[in-house]
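S.K.: Take a look at the following structure, please.
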Amino acid sequence: MGAGEEDAAAAWEKVEAKEERIMVSVRVRPLNGRESGDSSDWECISPTTVMFRSIVPDRAMFPTAYTYDRVFGPNCSTRQVYEEGAKEVALSVVSGINSSIFAYGQTSSGKTYTMTGITEYSVMDIYGYIEKHPEREFMLKFSAIEIYNEAVRDLLSHDTTPLRLLDDPEKGTTVEKLTEETLRDKDHLRDLLGMCEAQREIGETALNEASSRSHQILRLTIKSSVKQYLGRGKSSTLVSCVNFVDLAGSERASQTASAGMRLKEGSHINRSLLTLGKVVRQLSKGRNGHIPYRDSKLTRILQSSLGGNARTAIVCTMSPAHTHIEQSRNTLLFATCAKEVVTNAQVNVVMSDKALLKHLQRELARLENELKLPESASCTSHAEALREKDAQIKKLEKQLRELIEEKDTVQSQLNCLLKSDADDHANDRAAKRWVLSLSYTQTYFLHYCHV
């Protein structure tokens with residue numbers, strides 16, 4: 001790949017992390033069969049605002065209107081939710097930018113229904129992009145986990161042994177021994193998605209016959225580079241991933257009629273969602289202070305998606321029924337905090353070993369030149385100063401010799417004058433002053449030459 005790869009790498013290095021807020025949407029589902037006799041308290045009054053309108057008096061000190069990036073009413077399709085609330089973020093992955101799509105809400109509010117559709121549409125668009133760019137070579141890998149009762153399980157393996165979380169200095173939190181399948185095509189991916197659905201923990205509650213009892217995280221990793229036959233094109237490798245996160249629903253034991261195992265599951269679900277809420281609230285205020293990522297497996301795994309190197313979209317689902325007013329308000333309060341969280345997404349570029357070696361060699365040569373230049377300039381300046389001083393010394397030595405000769409001549413003349421006119425004191429004093437002056441000059445030049 002050669003120089004083209006190095007040039008591309010240098011160009012990607014100049015791309016700075018882009019700060020942006022999490023994209024937050026709210027989807028209000030229709031009343032279901034269990035709620036047919038209940039009143040609908042929430043109305044989408046605009047594409048971005050949902051309002052509380054109840055025929056039952058409510059004195060709670062809560063806002064009546066909530067505004068987000070996008071609001072979807074009961075008649076909106078999942079396709080519309082994807083196109084307007086998730087597509088842009090999800091498809092960032094083909095440009096080398098990490099992304100995550102979350103579905104958040106109370107149990108039976110439509111999270112899994114929404115996330116299943118978003119995942120399918122994203123996969124179709126990602127493969128559509130690949131087909132339109134034959135100049136690039138793509139490799140896709142897929143992994144899937146669920147967090148059930150605070151235990152991490154591999155959904156692509158029949159082994160239910162909990163997996164450990166490890167801290168990697170470069171990759172962040174990783175899951176030990178997690179299966180990662182290299183995809184052959186989109187049909188292969190669909191088969192794996194079906195396997196994940198079959199493996200996931202599902203249970204019946206009073207609110208939902210098939211309630212998800214775990215958090216599910218599907219991860220699609222895309223590695224792409226320009227094919228070698230293009231020569232000097234942008235041939236650095238881009239590596240990024242997109243997470244599809246279907247969170248288990250928050251629930252009240254009194255509403256779900258939970259007991260025994262279901263009660264334990266609900267307790268773990270609520271505890272991890274509580275930690276997620278704490279993390280989001282803290283991040284919404286800025287990154288100052290302690291962020292409790294490590295308080296749950298969920299937030300630890302998703303740390304980079306929450307205020308890190310990723311673009312993130314959250315779709316909050318809710319029921320309009322008056323029966324669920326408290327849970328709906330909690331969902332909206334979470335969404336309000338989430339839209340204030342800032343992430344710093346950047347392009348993830350990886351050079352080949354050959355290009356990396358050349359890049360490091362070039363950088364080393366540059367640094368060596370920088371070290372040599374000041375020293376060379378200093379040496380040159382010092383040598384010139386020595387040459388100038390030598391020239392001055394030679395000039396002064398010549399002048400000194402001339403002065404000594406002149407002094408000897410004057411001394412000889414003085415001796416003659418003293419012999420011929422011993423009484424001529426004026427001439428004697430003048431001659432002595434002259435000799436004294438010449439001696440002083442000689443001493444000065446001798447001192448300067450030694451310096």
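Using the three backbone atoms N, Cα and C, a Cβ is placed for every residue, glycine included.
The following feature annotations were taken from TrEMBL:
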BINDING   G105, Q106, T107, S108, S109, G110, K111, T112  ATP binding site
COILED    350-420  coiled coil
DOMAIN    21-341  domain 'Kinesin motor'
S.K.: Within 10 Å of the Cβ of S108 (ATP binding site), how many other Cβ atoms can you find? Include all protein chains, please.
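M.R.: Looking across every protein chain shown, the total is 26.
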S.K.: Using Cβ-Cβ distances, find the residues under 8 Å from K111 (ATP binding site) that belong to the same chain and are at least 6 apart in sequence, listing them in sequence order.
M.R.: A103, Y104, G105, S212, D246, L247, G249, T317
S.K.: Around the C-beta of G110 (ATP binding site), how many further C-beta atoms are within 10 angstroms, looking at every protein chain?
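M.R.: Result for G110 (ATP binding site): 22 other Cβ atoms within 10 Å.
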S.K.: In three-state terms from DSSP, label T112 (ATP binding site) for me.
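M.R.: Looking at the DSSP assignment, T112 (ATP binding site) belongs to a helix.
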S.K.: Q106, S109: which of these binding-site residues has the highest Cβ count within 10 Å of its own Cβ?
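M.R.: Selected residue: S109.
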S.K.: For T107 (ATP binding site), which DSSP three-state class applies?
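M.R.: In three-state terms, T107 (ATP binding site) counts as coil.
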S.K.: When the pLDDT values for the domain 'Kinesin motor' (21-341) are averaged, what is the result?
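M.R.: Averaging the confidence scores along the domain 'Kinesin motor' (21-341) gives 89.
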